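Inspection log for the structure reproduced underneath, given as structure tokens.
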């Protein structure tokens, strides 16, 4: 089960949130053959340049099936092949599974027999009861079911060994295409199977979901809410039943009426997700136990046709016991589906009932209202018929609501709209979706317990513009729901990834800062308490909660509990009225705009070099600046009294040193620049630097070169040196422990102090490019970063002929600009 952490933070102010409700049914999304997605938009320009070259455009299900039918071949999925790489990633097994297509397993295979229903799902030995419990819930809503399982496929008409299923994936609907090869042992399906031996929709759906996550093993252990959301695009609410509201039964009934999906479980005290095995049971032992079960089953069935008949029920095998079975028939640490709620008349009194289903297909509750309960004889025949009572071992059973509350500890509801289940009124909700990323060393700041880095987390401005329409509520309040979901952690399990412990906090933005979209700084969070926050930090894929706050502008700060944890997420905000949710981003700019010469053709290395000729003008202005730091934009720097003579003497000394190194041509190359800089820098022992590398000096020359000569003259070098001196002061300011490095989280402030204003994406890129493995930046890297920023801003301005912030380059210009940098 998930681990819950309640961090020690400033207490929340404002009203307690109501329990969240359900999500609008998403529109038709994009179709892709692959189970995975494309790189997110955050770094798409960078990632796409390194993305594998794709020879052909991705084909849709229809195109692939048509091609197979034309060639009269059965489809074989190259992305999820029928071999052990699609099964397990943690180890190889001596047991040999045989991949078979349904026509090879039985006669007359059918995709769906008599409609897809919850009895078609019998768990194999994978430990994915959480997934199967969600499927059982899905079968109760035919509209949702056939959104996930398209109608256009069968084993008869246009059969080509290819099937497809659709899942909601982080804001989009994706079409997952698979072949119909399934793993078998002794001609039995290894994993999920139907109650009918020749029905295969549930097994193929499980395979498509396994492909979406990279392997079957990736499905071992989870929370029902994950699959529920992937089937619907909904938002889940999570109840600890012992702390549930007094009208919980009413909430559950409305959830059933509105088509919401529900699952429940009994905590086993091990903090494991549903279906995970104890630490002492590895995958090899798990498979060995499974095979013994199947062998025993075969001994019982040895006299029957090994291919199986059309109508013989498949042999159901109780999975290896990761979970703990109780005397009452319930199983701890196991996911159940909630499939119905009713009130029955018994001995003159109404009794509230809950219908549950065990995805094993057997092992049921044996107490009051169970299938074999002795007091069914006192229940009216019509009541029995209404409750569809029958004594069958199908995993489904009734129990009283009182027994349900007594035994079960957790309830999960996946809502299909964002309407509160306590309300009888349905509203249309406004939805906004933001994608984000925590980058170690830059924007992975951890929770509020880590004040030095918390402020660096991604920030999202939320403008609540209109109050709710509720005549019975005198408060001026806006209702909204926040859902934070981490991405791809299950798919990346094979790389060692696990779910992070996540949560979020909500702060009100001061009125004077409304509308400016600036990233709020450390001091703001040190002296302002949150207005609301997630109830807990928890290691689940999604954390969601409903809030009620007055109209205003707020900032939502999503974070992991611990800092330095890197991952991607989406943040969804649902509100009853109009709202605006967007990432807080600074405008990209530099404090000292550079004059641009216009209408001159761009030749070779530089119009950038031409723009660098402006360095002399900037130098004269800078020499009159106060040592405290960069001037504000638009202010004219004034020379300090008595500064000219002192500067002239320094310039003369500088010229003499430069002439000694440069020679008669008064220009230096990269090697000579390295010697000059390191001679001076080595005198500053407090910098604790080993000096500049040759590659760093080459970059400095390329980015400061005004004539495209590949060398620096005195004026160019003087300007560079002035910059380095100014940046050195900034570096020392942030090197608080005198280690010769600064923490990468402080780089955002250092860059701002130097006059460069960037957005979060660029700060993340700087960290990835210049920080070491300990997330520290040394003096050499620090200066190289600033030189590059200075040079690239100047280069952009050189190419921005119209001053509109947009440049257009041909391939020659692009290569010249990037290669000589």
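Note: Cβ is positioned from N, Cα and C throughout, glycine not excepted.
Swiss-Prot lists region 'Disordered' for one of the ranges 358-406, 603-651, namely 603-651.
Highest local Cβ density among the binding-site residues 735, 737, 800, 802, 804 belongs to 735, counted as other Cβ atoms within 10 Å over all protein chains shown.
Assigned with DSSP, the residues of the domain 'EF-hand 3' (722-757) fall into helix, strand and coil as follows: 23 helix, 5 strand, 8 coil. For residue 806 (Ca(2+) 4 binding site), the nearest of the binding-site residues 737, 741, 746 in terms of C-alpha separation is 746. DSSP assignment over the domain 'EF-hand 1' (649-683) gives 26 helix, 2 strand, 7 coil. Secondary structure from DSSP puts residue 804 (Ca(2+) 4 binding site) in coil. For the recorded Ca(2+) 3 site, residues 735, 737, 739, 741, 746 set the reference point as the centre of their Cβ atoms, and the other residues of that chain within 8 Å of it by Cβ are 734, 736, 738, 740, 742, 743, 776. Put simply, of the binding-site residues 735, 737, 739, 746, the one whose Cα is nearest the Cα of residue 800 (Ca(2+) 4 binding site) is 746. Cα spacing between residue 746 (Ca(2+) 3 binding site) and residue 802 (Ca(2+) 4 binding site): 35 Å, rounded to the nearest whole number. Listed binding-site residues: 739, 741; maximum Cβ neighbour count within 10 Å falls on 741.
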